[in-house]
Amino acid sequence: MSKRFSSGRLWRVAVLAAGLLVFLSGCDRRYLIFNPSGPVAEKELHLIILSAVLCAVVVIPVLGLLIFIIYRYRDKPGNKAPYTPEWNDSKILEFVWWGVPIIIIGILGVYTAKTTYSLVRPPVEDVKPITIQVTSLDWKWLFQYPDQKIATVNYVEIPAGVPVQFHLTSDQMMNSFWVPELGGQEYTMPGMAMRLWLQADQPGTYYGSGANFTGKGFAHMKFKVVAKPQARFNHWAKQVKKTAPVLTEAKYQQLVQKGLAEKQTYSSYPEKLFLDTIDRNGGKYMKPGMKHGGHDMSMMDNDNE
Amino acid sequence: MGEKAKGFFVTGDPLIYGADVSIIITLLGILIFLTYFKKWGWLWREWLTTVDHKKIGIMYLVSSLLMLFRGGVDALLMRMQLAMPNTHFLQSQHYNEIFTTHGTIMILFMAMPFMFALFNIVIPLQIGARDVAYPFLNAMSFWLFFFGALLFNLSFVIGGSPDAGWLSYPPLSELAGSPGPGQNFYIWGIQISGIGSLATGINFLVTILKMRAPGMKLMQMPLFTWSVLSSCITIIFAFPVLTVTLALLFVDRFFGAHIFTATGGGNPMMYVNLIWMWGHPEVYIVVLPAFGIYSEIVSTFSKKKIFGYKSMVFSMMIISVLGYFTWVHHFFTMGAGADVNTFFAITTMAIGIPTGVKIFNWLFTMFRGRITMTQPMLWTLAFIPCFLVGGATGVMLAAAPADYQYHNSYFLIAHFHQTLIGGVVFGYLAGLYYWWPKMFGFKLNDRIGKWAFWTWNIGFYVCFMPQYALGFMGMTRRVYTYGWDMGWAPYNMVSTVGAFLMGIGFVFQVWQILYSIKHGERDLTGDPWNGRTLEWSILSPAPHYNFAHLPAVKSDDAWWDMKNHRYGAAVQDNIKEYTPIHMPKNSGIPFLMSACWFVAGFGLTFEWIWMGVAGLAGVGICLLARSFQRNTDYYIPVDEIKRTEASLGRVV
């Protein structure tokens, strides 16, 4: 009887878990991580699901076993279950519960390694990627487009279907650049340029935020990533070039002051601004390798780790 | 200087004024009580100068429960602020201070002293010793912790709390990011108590290795003793790293060095690496003893030998070693490269294996046993599913590319609260209920305890399960407010309700303790749970010298063995003639020297060099005074032992 009790419970838990997973993965747009909109986020979601399933393989039976044991071996008068107070060792059982987790971790380890290595390469190889330089400031985001020579604050536009290599640095505190629907995050650190590949498959607007605490205005460091078809992106860039004001050195110094900022658009920026920011924040003391090739931008595209 | 004086007292917030008033009233109340009832001498002789491990343990316990209260209030304030979008209950600055102090207090001033309370109360009794190896140092450790915690807590009414997160990453924690004294309070509060933690680690390592009762081999030690041994080894290697790291941070702040500031050629990544080289082992330091507690409790209340003893010992030792090879998983997103990330992802997953093995061993200890649902057992049984799920989400976090999506999100917050509450807090509470009769001679009330248990547990899941979902929805930690647009509101509301349930659980526990002091079931046998290890072989509470005769140990589960297999021989042991017992004398130096450390820490916090120097000079004088003390020990005469044993109801 107790056996049926436990296996019934087990099934219910399994069905519930499966149902929950379906619910989470499709129905609700609010679960950003379950709605990947690019190859990077997709790869990461696959790994998340694989790891969750592998963990469930252990967790669910153990929970069932726990309930069964508590029920079966409770100290009630007349409990006929066997009682072996001196039994304390079993080579076979020990072998099983050392062995099974090792196998599971082995499988997960292999997939983790594969995904880790694949994420340092561009998401697709046959499309020419673009570069966007990101600087986290207190408390706003500055985006520079070295190919278009334009700049934006607190929003970023990218062409859909094109891999984007974000070069990340910080002109104050250490933050983290995160666009959950496009992929995982990477820290922005003073004196270095980190690199992060992301790509949006479809046009759309995606939520982005700073993920590492930087003080008073941190909660407001949100930005939108707007993905557009290549042609419309080009058009937008041209418009900006024509109509937007210039980001001067003086204007940049205003941006650096602690405080919040509205969305802004600039038709140009001081040419070496990104590299100067890195150098001024300590990049000049770093070995080129530590700066991840911050000086020589041509190196960055073929020297990924 | 003038500006500093202006900022000396924290002003402008009604919550803080309320705290000021209540602190003053409480202090006045204590002073009046002590004076009116003429208790000053008693306080000095019995508590402030004691070197008795049992009393030190109780002082640790009281301090840690107070800190649990403060850290818990911090948590509730945060949850109130986050319950609804766009709330104006707390300002950003105030919220930042509160999450910083919440984290620091819960780990360093709640979990650590709670753990040391159990070390102190249980270990000497469990290995059949009359005190720890270095009783004076033990008192020193406690008072260093106490004054370190006092200094840290002072910051919220004087000078302002630290606000750079509980691990204070530079550059935010450097002078440019945190100019006030708050960050210095953090550094000196932790430094001073950290010396005490390191000393405790050394003390208990030596105690366990050198002071075991005659006959007790290493592989016959109770598993709690083993867990403390592994935890102490980890403390000894980890805490110096913390001390050095914070010292370097202070050098940056005080002397204007650039060790961790990139602008001057230093590197903040260095700090992040160093702090986690301590920080990750630290979580194993606090969880390993909890594993030991569960092992004792599961075996006792299943009336069965622990399953796979060797496997348990082996897994704890692996954890304490492997715990040093996982630290980078706290910053996979710092771009260390695929090689490094893969290495640390796999070591992190690997540490789940010995932990999982322990769960199977506990399950199979219960299998074919007879399980009684006492309070310690309830907390243990609640721990298993909670820690299992928390461990599973830990393995999920270990997969580096998945972590790029979880890092600093509420998924992470939910994970570590599940392992730290479900693993550590539940464990210490289980230990508290288990050893309470041994400390105080009575059991804690069952009925109120069950109310506490269920509100705590239901509250826990209501609070933290929604936070996993919030992580998937992109909510990051340490945001003091959010908008309606993201759909985070309902989950946050539920989470807040859960937090308050846990708060109610804590109130039940306070009530339970107060109620049980008057009405609790007295423990006259010394062995209320039908225990298996030596602490249950003496009466509760234990006499000053613990064991009138040192027990002779012949096997594991020594007391069980004496009770059930060689009762006659054990009685024979006990009717031998008493001999005078060698004990350490009380000393006021640990208290005074730690107070000097406090003065030094306070001075350096405000960069008042004269005060820092004066405090350190006081420390030096105390050290000198101690080294000229010759008369540090005494013998308890046989008559007194006879009298004590008789008064405890033991027939001589």
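Each residue, glycine too, has its Cβ placed from N, Cα and C.
Since this is a predicted model, take the numbers as computed values, not measurements.
The feature domain 'Cytochrome oxidase subunit II transmembrane region profile' is assigned by TrEMBL to A:25-123. Feature annotation from TrEMBL assigns transmembrane segment to A:45-71, A:92-113. Per TrEMBL, the feature domain 'Cytochrome oxidase subunit II copper A binding' maps to A:127-239.
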Seminar exercise, completed: Outside the transmembrane segment (A:92-113), at least 6 residues beyond either end, the same-chain residues with a Cβ under 8 Å of its Cβ set are 47, 50-51, 54, 57-58
Seminar exercise, completed: Residues in the domain 'Cytochrome oxidase subunit II copper A binding' (A:127-239) per DSSP class, helix first, strand next, coil last, are 13 helix, 60 strand, 40 coil
For this session: Summarise the model's confidence over the domain 'Cytochrome oxidase subunit II copper A binding' (A:127-239) as a mean pLDDT value.
Result: 96
Seminar exercise, completed: Taking DSSP helix as H, G and I and strand as E and B, the domain 'Cytochrome oxidase subunit II transmembrane region profile' (A:25-123) has 68 helix, 1 strand, 30 coil
